[in-house]
Each structure stands twice: as C-alpha cells, then as structure tokens.
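A single structure is presented below for examination.
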Amino acid sequence: MGCAGSSQTKGDGTLKKVRKPKPWKHPQPLTKSQLLQLREEFWDTAPHYGGRKEIWDALRAASEADLSLAQAIVDSAGVIVQSADLTICYDERGAKYELPKYVLSEPTNLIQES
C-alpha cells in the first residue's frame, strides 16, 4: 500500500502536477549569462538556509528537467509540492523550500547577447 501517507495531494485528494511557472518579468532585463549566474548563485547558497541537501539537489534537477521528468524527480524524492510551479515545496519533515522563478523559467524580458 506504501503511499497512503504521502502528502503530495491537494485537499481534494488529487495529485498536484508540476507545471511551468506563468510568464514573468525580471525587474531589470537580463542576458542569458546573467540569468545563469543568478541561478548558479542561488543553487550554491540555497542549502545553507535550511532543509536537506538531497532535497535541494532533487529540486535543482527537477527545475532543469522537462515536466514529466520533473514530476518523477519530485515524486521519488518525497517532495511535497505546495505550488505546482515548484516555487514552494516541503520535504517529509516539514522543511520549506522556496524557489525563485528565475531558477524555474526564463523571464519575458530576457535580452539577447551580441
């Protein structure tokens, strides 16, 4: 029976599916390399703010994967998805993991590098 205690469900008992974040705009237009630097800085520092490193690693892998693989990653890691776009998640111990949109998708005002 295994997963009866799994809490990856909404109040109505349905599984919360992972989806891409809605389109968003960064306060300052960014180049692709600036966006990648922001992402790298976030992933380097995120584990220092709490939670378990293996959950952070799973969230990073999920954020960089296509949706079906991302769903499989969070399911297998025991991540409880609060927001379907992965901006708010919890682990099985109740630790909260907040992901900024810039690690999940590109802003609408991304500028091309020359």
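Please read every residue number as a count from 1 along the shown chain.
Even glycines carry a Cβ here, placed using N, Cα and C.
Relevant sequence annotations retrieved from TrEMBL are reproduced here:
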COMPBIAS  1-11  compositional bias 'Polar residues'
COMPBIAS  16-25  compositional bias 'Basic residues'
DOMAIN    16-113  domain 'DC-UbP/UBTD2 N-terminal'
REGION    1-31  region 'Disordered'
Go ahead and report the DSSP secondary structure tallies for the domain 'DC-UbP/UBTD2 N-terminal' (16-113): helix first, then strand, then coil.
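Split into helix, strand and coil, the domain 'DC-UbP/UBTD2 N-terminal' (16-113) gives 43 helix, 12 strand, 43 coil.
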Roughly where does the domain 'DC-UbP/UBTD2 N-terminal' (16-113) sit in mean pLDDT, to the nearest integer?
94
